[in-house]
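Peer 1: Sharing a structure here in structure tokens format.
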Amino acid sequence: MSSPIDIVEKKLLSDHWFILHKYVFDLKRKNGGVVRQIREVYDRGDGATILLYNRAKGTVILTRQFRIPTYVNGNESGMLLEACAGLLDDYSPEECIRNEAIEETGYAVGNVEKLFDAYMSPGGVTERLHFFAAEYDESLRDNSGGGVEDEDIEVLELPFSEAIAMMNDGRIKDGKTIMLLQHAIIRGWFAKG
């Protein structure tokens, strides 16, 4: 199958935090025509996220941390409630999420279940996020969490029902976290009886 595009130009715009390129390309349309488009693509690498849950207690582990993009887009405090997550760097998705779980939440989860992967903002960002879930209990507690280096992460253990209420009333606004909580509902992890 031939490529649907011909890249005419690729220009590096920034590589300070992640990589931002400008692409000029000719897109072959279904009707046979060709249209030239110009897009900026932000390459931040792929990532992984996990919902830690305890079925017996009816709880989930979430984190709260400052996110500058939310602050500049109307979130007064900049703080965001979210599931543990991180960039893959040079790790497999499974290795990454186990490491992130220990660093951010303090739980050393061994058995992680891969749920799915998804492009989170495909209109301008390359990132594909790998979604996982794992059961936790106090025997898996390795440390107090909170992140590493310049991270300042608060670890929260919440009743699943409260997390769902927070999602429904807008206190949880993070897309990956909403997807994981909805997945828990679909799978019936906290269904009564």
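Each Cβ is built from the backbone N, Cα and C atoms, and glycine gets one as well.
So Swiss-Prot lists the following for this protein:
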{"type": "BINDING", "residues": "Ile38, Arg39, Glu40, Arg67, Ala85, Gly86, Leu87, Glu104, Glu127, Asp150, Glu151, Lys176", "note": "GDP-alpha-D-mannose binding site"}
{"type": "BINDING", "residues": "Ala85, Glu104", "note": "Mg(2+) 1 binding site"}
{"type": "BINDING", "residues": "Glu100, Glu104, Glu151", "note": "Mg(2+) 2 binding site"}
{"type": "DOMAIN", "residues": "43-180", "note": "domain 'Nudix hydrolase'"}
{"type": "MOTIF", "residues": "86-106", "note": "motif 'Nudix box'"}
Peer 1: What else in the chain is close to the motif 'Nudix box' (86-106), if you only count residues 6 or more beyond its ends and a Cβ gap under 8 Å?
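Peer 2: Same-chain residues near the motif 'Nudix box' (86-106) but 6 or more away: 44-50, 52, 61, 63, 112, 114, 117, 130, 132, 134, 141-148, 151, 153, 155.
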Peer 1: Counting other Cβ atoms within 10 Å of each Cβ, which of the binding-site residues Glu104, Glu127, Glu151 scores lowest?
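Peer 2: With the binding-site residues Glu104, Glu127, Glu151, fewest surrounding Cβ atoms within 10 Å: Glu151.
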Peer 1: Out of Ile38, Ala85, which has the highest number of nearby Cβ atoms, where nearby means within 10 Å of its Cβ, if these are the binding-site residues?
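Peer 2: The largest 10 Å Cβ neighbour count belongs to Ala85.
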Peer 1: Would you count the other C-beta atoms found within 10 angstroms of the C-beta of Glu100 (Mg(2+) 2 binding site) for me?
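Peer 2: Taking all protein chains shown, Glu100 (Mg(2+) 2 binding site) has 25 Cβ neighbours within 10 Å.
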Peer 1: In angstrom units, rounded to an integer, how far apart are the Cα atoms of Glu127 (GDP-alpha-D-mannose binding site) and Glu104 (Mg(2+) 1 binding site)?
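Peer 2: Glu104 (Mg(2+) 1 binding site) has its Cα 20 Å from the Cα of Glu127 (GDP-alpha-D-mannose binding site).
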Peer 1: What does DSSP assign Glu127 (GDP-alpha-D-mannose binding site), in three states?
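Peer 2: Note: Glu127 (GDP-alpha-D-mannose binding site) is coil by DSSP, not helix or strand.
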Peer 1: Do you know offhand how many angstrom separate Ala85 (GDP-alpha-D-mannose binding site) and Glu100 (Mg(2+) 2 binding site) by C-alpha?
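Peer 2: Spelling it out, the Cα of Ala85 (GDP-alpha-D-mannose binding site) and the Cα of Glu100 (Mg(2+) 2 binding site) are 6 Å apart.
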Peer 1: Determine, using Cα-Cα distances only, which of these binding-site residues is closest to Glu104 (Mg(2+) 1 binding site): Ile38, Glu40, Leu87, Glu151.
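Peer 2: That would be Glu151, nearest by Cα distance.
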Peer 1: Spatially, which candidate from the binding-site residues Glu40, Leu87, Glu151 is nearest to Glu100 (Mg(2+) 2 binding site), comparing Cα atoms?
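Peer 2: Nearest by Cα distance to Glu100 (Mg(2+) 2 binding site): Leu87.
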